[in-house]
């Protein structure tokens, strides 16, 4: 058995041709049918700037089957939604507006065309929320199933981009979105499998398989005077550590502002674990984390303060060493 054929797709996707049966151009046609664009079809896409002083913001991220998603846990649509959100969150974290995406797929020849169709459909669902388009990409055969998305955003106006190194003492730490939900959903899937998760805990699983990001929050924060921003992809403490290190500051998180809600507490009770691990080190929520002077921007809530107080940790919780500080590792 080859490595490629060790990748197993759900039975529900197998009724029909494979990508090997159709070939490259027919598979591309399947994708564009689900996520069409007037800019897609030439050797490259030409994007117009929204205004003369607009700047381009570009990022890329990959999802690897068995590493970032499980085919028996997530539908193709959910995988497509996740691929867009994790990239667009990086664009939002710069204070920019996502406008386009490119999709590159490396897939075994036995990959069902129905998987690719569902993937593109899920991507388009998230793209439409942003009025963005899939403007091109590439597909090739390979032993592993790898999905790579390049996201393109536009940064208008004269305000600076929201980099990691612009947090200053005296500023407020704010957040938009749930924290700990994705990690809790993953833990539930690992324990129960995809079909036996208690129904009232399904929102946590959904947060892991198909995260949601409210469009435009990064732009709102930038317009309101935000300085530094990132998204919670690798774990709250890990991501805030990067911000603190690059800004040369300390960040103290207020535990009462991020304490486990009823859903997280119930999941932790069911699994016999500590919900704080999910909150502090879980990641993949793609919650926007920002620093700002004054009140939290619309849609954000205050969760801490930026200080210059000496402490052995760059990031503290209630001015103490965090109980959990590990996070996602790529290697």
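Counting starts with 1 at the first residue shown.
Positions of Cβ are set from backbone N, Cα and C atoms, glycine also.
On a predicted model such as this, the values are computed, not experimentally measured, just so you know.
Between the candidates 195, 206, 231, 234, Swiss-Prot assigns the Mg(2+) 3 site shared with 43, 90 to 231. A helical conformation is recorded for residue 90 (Mg(2+) 4 binding site) in the three-state DSSP classification. Taking only the Cα positions, the spacing between residue 234 (Mg(2+) 5 binding site) and residue 60 (Mg(2+) 1 binding site) is 15 angstrom.
Look at residue 68 (substrate binding site): DSSP puts it in coil.
Of the listed binding-site residues, namely 59, 60, 233, the sparsest CB environment within 10 A is found at 60. Each of the binding-site residues 43, 138, 234, 284 was scored by the number of other CB atoms within 10 Å of its CB, and the largest score is that of 284.
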